[in-house]
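Student: Below are the features listed in Swiss-Prot for this protein:
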type	residues	note
BINDING	Gly271, Pro272, Pro273, Gly274, Thr275, Gly276, Lys277, Thr278	ATP binding site
COMPBIAS	690-702	compositional bias 'Basic and acidic residues'
REGION	682-702	region 'Disordered'
TOPO_DOM	1-26	topological domain 'Cytoplasmic'
TOPO_DOM	48-175	topological domain 'Extracellular'
TOPO_DOM	197-702	topological domain 'Cytoplasmic'
Amino acid sequence: MKKRNKGLVEQTTTEKNNFSRKTAWKVFWWVIILAVVIGVLAYIFSPRAATAVVESWKLNGGSNSTLTAKVSGFSNELTFKQINGSTYVTDTILQVSITFDGLNSPLTVTAHKTVNSNGNVIFNIANLSINQSNGQITVNSNGTMMNGGSSNNTKSIAGFETLGTFIAPDTRARDVLNGLFGLLPIIIFVVFFLLFWRSARGISAGGREEDNIFSIGKTQAKLAKSTVKFTNIAGLQEEKHELLEIVDYLKNPLKYAQMGARSPRGVILYGPPGTGKTLLAKAVAGEAGVPFFQSTGSGFEDMLVGVGAKRVRDLFNKAKKAAPCIIFIDEIDSVGSKRGRVELSSYSVVEQTLNQLLAEMDGFTSRTGVVVMAATNRLDVLDDALLRPGRFDRHIQINLPDIKEREGILKVHAENKNLSSKISLLDVAKRTPGFSGAQLENVINEATLLAVRDNRTTININDIDEAIDRVIAGPAKKSRVISDEDRKLVAYHEAGHALVGLHVHSNDEVQKITIIPRGQAGGYTLSTPKSGDLNLKRKSDLLAMIATAMGGRAAEEEIYGNLEITTGASSDFYKATNIARAMVTQLGMSKLGQVQYVPSQGTLPSNVKLYSEQTAKDIDNEINFIIEEQYKKAKTIIKSNRKELELLVEALLIAETILKSDIDFIHKNTKLPPEILLQKQEQQAKQKLNKSEVKPESETNS
């Protein structure tokens, strides 16, 4: 029922733009921070000298004098090479300067002293070593008197102590690294926690906070702005008229309040899948120009108890803030099923969510301006409390489109397609009874794909035919290897369906027969209603459908015998049995009377029966009786019209697919149509030509 239109402009587009800008600023600041960190580290690790204070030193005189100094800022990991330098000792002041230009560079220690009568004393420093046990620096030196005095003069300065300065390698880098290594476990823990927190919130996936541990209790509904209008929807005139009142209320709520009318609380759309229920809800929001919260029934539930009820509250709280607006819950049967029909293990969880939904729709809290719309394929399974007035006031059934609506839907979807002028969309609509709007859209799309595949710019009638077959039975299996005997057997089977359908009293007429394999089927026969699309079926129509379904097996048995029947009739039996069972247990069309033994599907668990064992046997016997009677009828038709059967088979073997015009010609005239005869003559001529070109080997050798 619907045109393929996105129809929703998510308001999260603005949020995504804001998120992009925020992300850009975050990236910018992270780059700045990273640059600062790199600069600090570069400063820390750059090779340079720093100053440390010599806390104390002592020079013991003698020929092998030693200089012991305790220096702050030194660490035991330092090692030094051979040290060369000079030491000057003065009478009153002893100064020590140690220069260091790198970890592995030579170290020079200089001491100076002036002696009154003897001149200067020079000491040559041989080496410098570190005593790792006490952290003191020990300098071993050899001294020589320049004025010829004895080395005992050097002992006169023993015990002299003072302070000095020490130029040493910078140890702050080493200290910073030690501190960082100490903080490393904490940093790793913080980083992992931040990563977990960000991933749990879903920030890495475009900034959306869906399906994460921190938003378990938040609604999964998407807030959007609908652009769909009623003009985008073909058909459904009565349904759209009903929904216009909702549109008017959302546009003019004061008009209803002044009249004292209670505002519509909810609308539930129900019907077969693909009929346009979701599109209608979008159209209401688009016509009213209000926000549209779209959710699914299964989106409320989660593995944790109580999450469903919390998400319902969150959804309605957001809707109240955005009022006037529409809440649309698709497949509401997953959360609104009748209470008491589920097993105890899941009952309490589902009931909590449903109870919260009931309270929000008609409870103590006001929700003026919020209209709830829902869609389901199974209205019969919904809880009665959910369907009562005050919650879902309107129940609108969305049926499969009739022939007029199908034509309109096809026109909507063919607007931007280049269809051949020979294609009549009315004829296509006649050939697609029971198709939903989604299936009709798929027919047009498949036909377009077939044209593109053949590098054509125009869609022809053959593309439409193939597209319909694809939607009904799947793509053709033309590459499947089938023997001539199996091909002939399939032709008899499908011709049997068609022949019985032509001779029974029914509202259906045979439209097409094909023996081209599709999916699991070797072929199929298509029948459509003669006049319109009847929702009501007569008993004669149902019996005719059973007889037609049994026609394939009847033809096999008539031609090949009881021992040569095949498994090709399994789907036919399934169809016939379902029709017969419905006639007996639901429709009151049997000898058991006007009683419904099986309520509407879904109202009771499958293991619960409302009848006795004897009644169950009577039901089975009556179903078997109906099917056997129609099978006998099908066999009688096959035997009485054997010639017509053979003509249908011959036409199928020649053309593989025959349409209604050819089928009706054979049925009325009991002979092949001219088009089929022409194809037969062409095939015979081709076979003769092939035989004449293939000469026996003996003739060639002679």
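Along the chain as shown, the residues are counted starting at 1.
Just so you know, glycine gets a Cβ as well, placed from its N, Cα and C.
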Student: By a simple count of other Cβ atoms within 10 Å, which of Thr275, Thr278, the binding-site residues in the record, is least packed?
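Tutor: Relative to the other binding-site residues in Thr275, Thr278, Thr278 has the fewest Cβ atoms within 10 Å.
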Student: I'd like the number of other C-beta atoms within 10 A of the C-beta of Gly274 (ATP binding site), please.
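Tutor: Around the Cβ of Gly274 (ATP binding site), 20 other Cβ atoms lie within 10 Å.
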Student: Using a 10 angstroms cut-off on Cβ to Cβ distances, just flag whichever of Gly271, Gly276 is the loneliest among these binding-site residues.
Tutor: Gly271
Student: Of all the binding-site residues here, Pro272, Pro273, which one's CB has the most other CB atoms within 10 A?
Tutor: Pro272
Student: Within 10 Å of the Cβ of Lys277 (ATP binding site), how many other Cβ atoms are there?
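Tutor: Around Lys277 (ATP binding site), other Cβ atoms within 10 Å: 27.
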Student: Within the topological domain 'Extracellular' (48-175) only, compute the mean pLDDT.
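Tutor: Mean model confidence (pLDDT) across the topological domain 'Extracellular' (48-175) is 37.
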